[in-house]
Every structure is written in structure tokens, then in C-alpha cells.
Amino acid sequence: MTINLILLSLLAYVIGSIPSGLWIGKIFYKKDIRDFGSGNLGATNSFRVLGIKAGSIVTVMDILKGTVATLLPFFFQLNVDHHFWLLTGAFAIIGHSFPLFAGFRGGKAVATSAGVILAYAPLLFVAALVVFLVTLKLSKYVSLSSMIGALAALIISLFMGDWILIILVACIALFVIWRHRANITRIRNGEEPKIKWM
């Protein structure tokens, strides 16, 4: 069982490493999104560089990476405690942030982390998504909405009594904020781009 779990965790890392924004940009738009906008491989920069259609596809793909990776023990009928689903999900987040297929320079893990939560705790995902969308509607800042959504997920998880989930969501929230430190500086300086489509 231990070997199988290790192998699934490695597979989850590989799944997380799929740079959907990079590949879609190169294949369909002949653009390397790392050379434009924020230079980030995530969904937000895909929206900024490639447009709403491509950005939406990248967002869905990045969410699915987290969801599929989290459910790997279920798909392979591995008889383990369901908390181990969070382990494979965590490896997908690591893969997205430090992708094997893109020089270990990845995204900020917001969508992939959301996919992990969607697979493990769907109601928590919905609650955090609502907070994200409301914040986005009011502020027009994707970065700020992502951070507030992550913090909301952490606060809500505290009432769920699942300490393994709480620890993972706390790590996700801290990591998301850390990855957005440049965005925080730009927001404070009034230099952070706002979305125009919402």
C-alpha cells in the first residue's frame, strides 16, 4: 500500500506539472505566456494574455488537475483513509507550482488548490468560490480575490472539525499569499491591473 501511495503521489505531481496555460498559448496562439503580462503560468495571466476563452479553459484544466489528482486513490481503488486523498492533492499543488515540464517555474496554485478542495470538500469549495466571486465583483482584483478566497476557506474549514483538512488549507492560504507578495505591493501602490470583464 505504501509503494502504491508513493507512486500515486508521483503521478499526482506529474498531473499537476501539466502547464496548461503554457501549452494552450504555444499551440493555439503561438505565444509563450511567460513572456507577457506577469510572466506567470497560471490562469490569471492566461486571461490577461490569451483572452477570456483561453483563460476559462486554462482555469478549468488547472482545477481539474487538483480534482483528478486528489481522487487518484479512489480511481485506483486504493484502500486508504480518505485523508490520503489530500496527500495526492498536495502533490498536484506542488507540481503546478514547480512544474516538471516548465522548468519548475509555475503558477500560484489557486485554481489547482481549489480543485483539491472541490474533490475533498465540495461545500467548502462552493463557499470559498462565492467569497472569491463577490470580492472579484467588488474589487476587480483577481489577486486580492484569490487571497481572500483562500483565507475564507481556512476560516470556514475551522468549523468542519477535520484537522488534516484544516492544516492543508492553512498551508494553501499561506502559500497563496506568499506567491502573491508582488501583487500585494502593486495593490498598495495602485499599480495592480483590474479586470474589465466583470
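The backbone N, Cα and C atoms fix where each Cβ goes, glycine too.
Copied over from Swiss-Prot:
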TRANSMEM  5-25  transmembrane segment
TRANSMEM  56-76  transmembrane segment
TRANSMEM  84-104  transmembrane segment
TRANSMEM  114-134  transmembrane segment
TRANSMEM  158-178  transmembrane segment
Cβ-based contact of the transmembrane segment (114-134) with the transmembrane segment (5-25), 3 or more pairs under 8 Å: no
Contacting positions for the transmembrane segment (84-104) when only residues 6+ beyond its ends and CB under 8 Å are counted: 5, 8-19, 22, 34, 41, 62, 65-66, 68-74, 78, 112-113, 115-116, 119-120, 164-165, 168, 171-172, 175, 179
Folded-back contacts onto the transmembrane segment (5-25), same chain, C-beta under 8 angstroms, at least six residues removed: 31-34, 41-43, 45-46, 49-50, 54, 57-58, 61-62, 65-66, 68-70, 72-73, 76, 78, 80, 84, 87-89, 91-102, 106-107, 112
